[in-house]
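Notes to accompany the following structure.
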Ligand SMILES: [Zn+2]
Ligand SMILES: [Zn+2]
């Protein structure tokens, strides 16, 4: 799964794409560029990397020191788990299954809530995230994939380098996918554009909520700081590394039950903690499926939420693939 880029990218990226098109047209007609690069965009990427990737690592390393002055109690546990679950569902159900792959349709209120929760994860504004992830599916494990672990050379050193690159180093500086090319459907959605423009504020809100609850629970500033660390920075750190592990480890290690042209793998052991994302080979084989588990017995909390929304009439048109289509792609046939 991808990440990065901010709401500001939206406006700036659009203008860059437009400026570029005008320049090109004045010379000779050419196809629209799929990626854009500029010192301004790379500066934003570096800033995002430091703020939302490096800072949570520092916060997580520092958090145990807090324990000397404030114990990890029930409030911290509840804040860490609930904020992780809510923002994690925002990413997998909202950013990934709904906005990127359009695997189902949803009511505007659901669209708004999922987009905001996904934004709070600090993994980039929704439109940029979608553009990056669509590019990942277009070029999976080939030149052009923003985060493949398999393009950094052979041998142990090459594989290790690839793992680090795909896990998070790629985010420091990368070609920015042209959102006009990759996400024209989202740019037409005024609600999503509005949520994307406020991206930084959603991340701040995702930090302020656990701080406020922590402070109120104990009526102390130390409680607020503790809430900020465990429900904010540590929660962002945990979810980020879970999502990044899909990009890195699950394009290298795991099982491959279905035919797909890249090296995606399933990691069934991690199904619960990844909210169903670890059925990554299933997902690449059937990207239009709202279910990543594909069968009821494979744990897929993201799909459970979609089913619950559908039962409540808030989601519809689930594009679950038929049994024939699934079996046609299976590499390892089940025993007769
Ligand atoms: Zn992938
Ligand atoms: Zn995907």
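Counting starts with 1 at the first residue shown.
Using N, Cα and C of the backbone, Cβ positions are placed for all residues, glycine too.
The feature domain 'Fatty acid desaturase' is assigned by TrEMBL to 79-312. Under the heading transmembrane segment, TrEMBL lists 49-68, 77-95, 107-132, 198-217, 229-250.
Within its own chain, the transmembrane segment (49-68) has Cβ neighbours under 8 Å at 4, 122-123, 168, 171-172, 203, 225-226, 229-230, 232-234, 236-238, 240, counting only residues six or more beyond its boundaries. Remote same-chain partners of the transmembrane segment (107-132), defined as residues 6 or more beyond its termini with a Cβ less than 8 Å from a stretch Cβ, comprise 2-7, 9-10, 13, 48, 52, 56, 83, 86-91, 93-95, 98-100, 146, 176-179, 181-183, 186-187, 189, 191-193, 195-199, 202-203, 205-206, 236, 239-240, 243, 309, 314-315. For the domain 'Fatty acid desaturase' (79-312), the model gives a mean pLDDT of 95.
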